[in-house]
Amino acid sequence: MVDIHEQKTFDFITEENDIVLVNKLDHPLVKAIDKQMDGLLQNNFDKPFTTVHTLGKMVAKKLHIVNKTDLEKPDKREEIYKQIAKLKGDLCVLIDTFEINDYLEIVQDLSEHILTNNYVFNTFKNDKKTDDKNFYYYGETAIYRNVLKGYVYGEMMNKCRDLVNTPYNHLNAIDLANYAKALETYDNVTVTIYDKKQIEDMNMGSYLGVNKGSSDEPRLIFIEYKGSTTKEPVALVGKGVMYDTGGYSIKTSTGMPGMKVDMAGAAAVISAIEAIAKLKLDAHVMSIVAATDNRIGDGAIVPDDILTAANGKTIEIISTDAEGRLTLADAVWFAQQQGAKKVIDVATLTGSMVRALGKEYTGAFTNDNEFLQELMDASNKTKEPLWEMPINKGYHKLLESKFADMKNTGGPLAGASTAAAFIENFIDEDTKWIHLDIAGTASNKANEGTGVMVKTFTELFDN
């Protein structure tokens, strides 16, 4: 376990823990340590991060020295954060010595990286090797909120990664609903779970169509955080396909492994609202997940079937492997029924998005540029870049069906844009809407969850 604490007092002579500091020679505490170490800190270190032994000149055995020149360069900081995060044992971090431009951002990012760089998913290993670490932050109490915020970001990103990395036989729709229900322990949070019968009563035929091949029931998850009584609610809708075989449009033997990641959108909106609640933000947020798996079984939908969504629109099934948008159709409708006039859906939706942007950017589609700019401003702060993608009537035309109001796929061209256009069919004209396709950014090259969008969603409401 890795933890971060606020340290109220500090004496560099008697401090037992190793010390992390910046060689900022005009800082009074750095001057005193430098004098105790016979001018060592005045050396021109040629590396961003250096460890030196104190050789008995103080109780702490090591000093871990951050090069101030490198810390002032944003492109060097991540390397420094990683070096600090991988240190072993207990450490005292002198946060006042990090006080340069972007001071608050630096201490926040450092705390986040301490958590995320020490992440290990070993739930199902008998040999659970983990290093317990404690970081003690000594310095100005006023900036400790940024330390805490970074810690919460890292902690919730790691929780999101845990959800994404957990296999289906240990995390189905009911399991996820139970996990979400536990968030009611936070102030201002209510969680409502709808079972299959209740979902049927809401006529969510699009969502239920995906579940028809499953032996496990679906669960509609509705989490509401009311940290403000004056602000209008914003809905975060996450794709919650707990495992995707493709259904009868079955995936290949190489395309199916890793499909536990297909609920990364759900994990992101659940983890984000927990972060928002933990930070007690002045916001009104809803997180909504239409959770199910997509499998082959008795009663499973097949191509040519026609489903009726909760808003009454009919959908011709072309591919059962285009199932995420079917669940999102009813989920975004539900969000609007709860009073949300701003809706963001997030989904590992299309391979087209991966081919277009790779793993560097999340694709963003919108019907309101001002709303998207707000989210982009948040994503720029959290370094989770978005790239706006096109959506217009031409993409809607590709979804036209001879037999229903629309098809669930638009053919081989512009797959990410036609998927977004499909979801837009379920957005009211007066609703501001953003669709995020995280198919590339939700996992790394090893197919492990990244926790993408958790901190961006949280940052959106921290104003």
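Cβ atoms here come from the backbone N, Cα and C positions, even for glycine.
Remember, it's a predicted structure, so these values are computed and weren't measured experimentally.
According to TrEMBL:
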- Lys251: active site (ACT_SITE)
- Arg325: active site (ACT_SITE)
- Lys239, Asp244, Asp262, Glu323: Mn(2+) 2 binding site (BINDING)
- Asp244, Asp321, Glu323: Mn(2+) 1 binding site (BINDING)
- 319-326: domain 'Cytosol aminopeptidase' (DOMAIN)
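Neighbour counts of Cβ atoms within 10 Å were compared for the recorded positions Lys239, Arg325, and the top value is held by Lys239. Put simply, Lys251 (active site) is 13 Å from Asp262 (Mn(2+) 2 binding site) when counted between their Cα atoms.
Ranking the recorded positions Lys251, Asp321, Arg325 by Cα distance from Lys239 (Mn(2+) 2 binding site) puts Arg325 first. There are 27 other Cβ atoms within 10 Å of the Cβ belonging to Asp244 (Mn(2+) 2 binding site).
Mapped onto three states, the DSSP output places Arg325 (active site) in helix. Separating the Cα atoms of Asp244 (Mn(2+) 2 binding site) and Asp321 (Mn(2+) 1 binding site) is a whole-number distance of 8 Å. Asp321 (Mn(2+) 1 binding site) sits 8 Å from Lys251 (active site), taking the C-alpha atoms as the reference points. Sorted by the number of other CB atoms within 10 A, the recorded positions Lys251, Asp262, Asp321, Glu323 start with Lys251, the lowest. Within 8 Å of the Cβ centroid of the Mn(2+) 2 site, not counting the listed residues Lys239, Asp244, Asp262, Glu323, the chain contributes Val210, Val241, Met259, Met263, Asn294, Gly324, Thr327, Ala347, Thr348. It is 12 Å from the Cα atom of Lys251 (active site) to that of Glu323 (Mn(2+) 2 binding site).
According to DSSP, Asp244 (Mn(2+) 2 binding site) is assigned to a strand segment.
Those residues of the chain, other than Asp244, Asp321, Glu323, with a C-beta within 8 angstroms of the mean position of the Mn(2+) 1 site C-beta atoms are Val210, Val241, Thr245, Gly246, Gly247, Ser249, Lys251, Asp262, Asn294, Ser319, Thr320, Ala322, Gly324.
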